[in-house]
Amino acid sequence: MFNTHKVEIEWGGRPLTLETGKIARQADGAVLATYGETVVLATVVSAKEPKPGQDFFPLTVNYQEKTYAAGKIPGGYFKREGRPSENETLVSRLIDRPIRPLFVEGYKNDTQVVLTVVQHDLENNPDVLSMVAASAALTISGVPFMGPIGGARVGYINGEYVLNPNIDEMPESKLDLVVAGTADAVLMVESEAQELSEEVMLGAVVFGQKGFQPVIDAIIKLAEVAAKEPRDFQPEDLSDLEAKMLAVVENDLRDAYKITEKQARYVAVDAAKAKAKAHFFPEGVEEPEFSAEKFATVFKHLQAKIVRWNILDTGSRIDGRDLKTVRAIVSEVGLLPRTHGSALFTRGETQAIVVATLGTGEDEQMIDALTGTYKESFMLHYNFPPYSVGETGRMGSPGRREVGHGKLAWRAIHPMLPAADQFPYTIRSVSEITESNGSSSMATVCGTSLALMDAGVPLARPVAGIAMGLIKEGERFAVLSDILGDEDHLGDMDFKVAGTDNGITALQMDIKIDGITEEIMKVALEQAKGGRVHILGEMAKALSTSREELGEFAPRIEVMNIPTDKIRDVIGSGGKVIREIVEKTGAKINIEDDGTVKIASSNGKEIEAAKKWIHSIVAEPEVGEIYEGTVVKTADFGAFVNFFGPRDGLVHISQLASDRVAKTTDVVKEGQKVWVKLMGFDERGKVRLSMKVVDQETGKEVVAEKKAEADAE
């Protein structure tokens, strides 16, 4: 019934298996990939024909994690998987980025790649495995995909590169880098690092590329026995139309791309496009020689050619800068004084307002992952409203791009944050992109660094980011610093680097062409370093280090530790005690399983009151110490005094006063405040207190007072 084919290799110390022919046989391509005991099903379906009038390639990558893969049942009311999580969105983008450039140009059939994690061994991360599975499924599907690609994760532990470190090894690694590419070229890099040098980062990319070569060989081996017949698709030759259009609008486009202001430039480009449209689609002609879709494709190609020729021939860019110059930067902090921290970062025509907010442990984000539930105390959210590029558009929940850009900025900032025991706050940073002309994610990095320092978050060092570009024709190439939006769209590489003056904290690279050599990447990294240092210098004009005090409106948090066996006493039956503390003092209290207690309030007196209350519950009274207490009950033989939190003790009638006492109520009454000295404990552990050895007015020991008076005489 099944015509199965399987390839197995040893990869990074674990078996990798690629199997097809048994599951999802109606898809164009389907591969079940296993690494260790983590299993991913990859399927590919591509429409037989493109939709009429479609002028783009509708590729969708959906990565989904099923909770049954880890032996779990989903939380929530409906008990089933819902909308994609942030991680699922990020992994979908991670796979989309290296495969999209490898589809034959001009292919516009609706294509969907679905990756389903069906088993997770809690050791091997399924993201890279899903990338490999997607590559294998595409390679055998028959769609015009110029792969295969491979992918690998690279760690850096004890000064050594590690191929595909498992989940338990990652906390020890100074690097989390995922690289993907073909046998000859790197196509995509995504990473977070702890201030590593350019040499170490480049070495990791090269190490990863070599590491995934066996995977590419395995996919080719599978395709040799299982691939479907390639689809009969030939990209249309539009060179004649391109030559005709170039003759009509070349001068207009060259003039347009000499205009440095974005909106004015777009007006000039639109005028050139209208001129070409009038030439090729004259009024009265019902059947032009080519379609509107072909016209749009060719005009876009011409735009790219004009920009690329100008840069390679003259070294001058769209806005008049040379290759290395960063646009003018203006930084401002304290923009919104009632927020906890804020910054306005403007670089050319790209601008971000970033606001930092500090919260308590109650504000941490609870993340329910396949590997377990954990809390995240640092959140960074990136918003890209349509007005930032002078357009109208959809508003609402964040799209994939916004999630991805926010996570890149998160990776850049995260290594510089203080440890939780040094700064016990939950941090949320929100970046509102108010203008955009390229590199808004790196503006978010710079703005977030400034806003956090303005809020008093003790960053180890300021962080800045820069986006690099590449124009390559044959052997000629130009690396561009701080690229514009047009240079991103029309160029061959988008290379974002963020870090401090000590090293790189995040790197993201997307390459659209083959032939990006190690030498080109080295040039780009070194040029990015110079740009990053320059940007840090410009940021320092606004604020060079974190403020020593928190903002006026930020909550204060103090941390104390209590014995774990006392946690139940502080919480009380059904939370009765801790609720009373919160209600009476006004402070927020968070108690962790290890006995760490975080007390938060904007009022210092409330924090002190809560600390004192908790201390009275968990601390043990010391023999010989004097305490203030309240009489809670009287009896013939003495008085019971509440003197240490919830602790009561007996003052025997003989210890009430120096003179003989006939009746307890002659000396004290219930509710009366008294001073007592802890004399000790009886054989049953009961507390023995004394009032007569303490001056009830001063709270000082009587014997000590008399001795002091004698010494004075």
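Just so it is clear, glycine is given a Cβ too, placed from its N, Cα and C backbone atoms.
Per Swiss-Prot, these features apply:
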BINDING   Asp488, Asp494  Mg(2+) binding site
DOMAIN    555-614  domain 'KH'
DOMAIN    624-692  domain 'S1 motif'
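Long-range neighbours of Asp494 (Mg(2+) binding site) (same chain, six or more residues apart, CB within less than 8 Å of its CB): Ala467, Met468, Gly469, Ile483, Asp488, Gln508, Met509, Asp510.
When Cβ atoms from all protein chains are considered, those within 10 Å of Asp488 (Mg(2+) binding site) total 17, not counting its own. Counting residues per DSSP class in helix, strand and coil order gives 32 helix, 16 strand, 12 coil for the domain 'KH' (555-614).
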